[in-house]
Amino acid sequence: MAEHLASIFGTEKDRVNCPFYFKIGACRHGDRCSRLHNRPTISPTLLLSNMYQRPDMITPGVDAQGQPIDPRKIQEHFEDFYEDIFEELSKFGEIESLNICDNLADHMVGNVYVQFKEEDQAAAALRALQGRFYSGRPIIVDFSPVTDFREATCRQFEENSCNRGGYCNFMHVKQIGRDLRRKLFGRYRRSIRSRSRSRSTSPFHRREYREPDTRERDSRGRRSGDKHVRYDDGGRRRHRSPRRSRSPVREGSEERRARIEQWNREREEKHV
């Protein structure tokens, strides 16, 4: 029985726990839901509810005065918000992902999900954000059960084929531009690469180091002994023999047979 309950936990077959809250950390029924919302006491993911206020909040593509908005202005407004939030939240630790919903339903509109690398980083951010305001509105923040956004996002939306539009119950994650993503998340990749280089014992990552060279230079500025030194693709030094010491050219099969017959004749003559 215990194994069966564990296997159906958070799925549609679970009649006790809400599957939508388990997958996306939000439910359209809210506190009136007939199933339980198990709120985590600790998690690497935070939910900042309804934080992003899009300029076309009432009608998509139209401002509050009923005038059409240039889609580029909407994207610019969103990326300004995204960068502002990222810079503030990154003060508490490394951000694994920052997702902002493009949904229109009340329980998902403007939701901001931030997943930190460590749970204690998320806990520090939670403590710091409580009681604060953004653009004159209070920040509503809590731990979220979402740890795998692949289960929370709408696959049809990613394929531009979701027929539920903004009122879909799965995340429609609004995307930022490639340049902004590289700027924000690239700092972690550069940091990881620099740490791995400093820890690596591979000779390919230590080409900057050179043994002190006390050899004298000749009239051309070359160090003695450098005539036959070169570098391969890995940067490792290797020596090669002077040209005159190379192996002789290999003989052909007829030449080898003639030489063997000559040796045999010479051997027979010695025994005669």
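Including glycine, each Cβ sits where the backbone N, Cα and C put it.
Taken from TrEMBL as is:
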type     : residues : note
ZN_FING  : 12-40    : zinc finger
DOMAIN   : 12-40    : domain 'C3H1-type'
DOMAIN   : 44-146   : domain 'RRM'
ZN_FING  : 148-175  : zinc finger
DOMAIN   : 148-175  : domain 'C3H1-type'
REGION   : 191-272  : region 'Disordered'
COMPBIAS : 236-247  : compositional bias 'Basic residues'
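Same-chain residues lying 6+ beyond the ends of the zinc finger (148-175) with a Cβ under 8 Å from its Cβ atoms: 20, 23-25, 28, 60, 78, 97, 99-105, 108-109, 113, 115. Here the domain 'C3H1-type' (148-175) returns a mean pLDDT of 92 for the predicted model. Taking DSSP states H, G and I as helix and E and B as strand, the domain 'C3H1-type' (148-175) has 11 helix, 3 strand, 14 coil. Per-class residue totals from DSSP over the zinc finger (12-40), listed helix then strand then coil: 9 helix, 2 strand, 18 coil.
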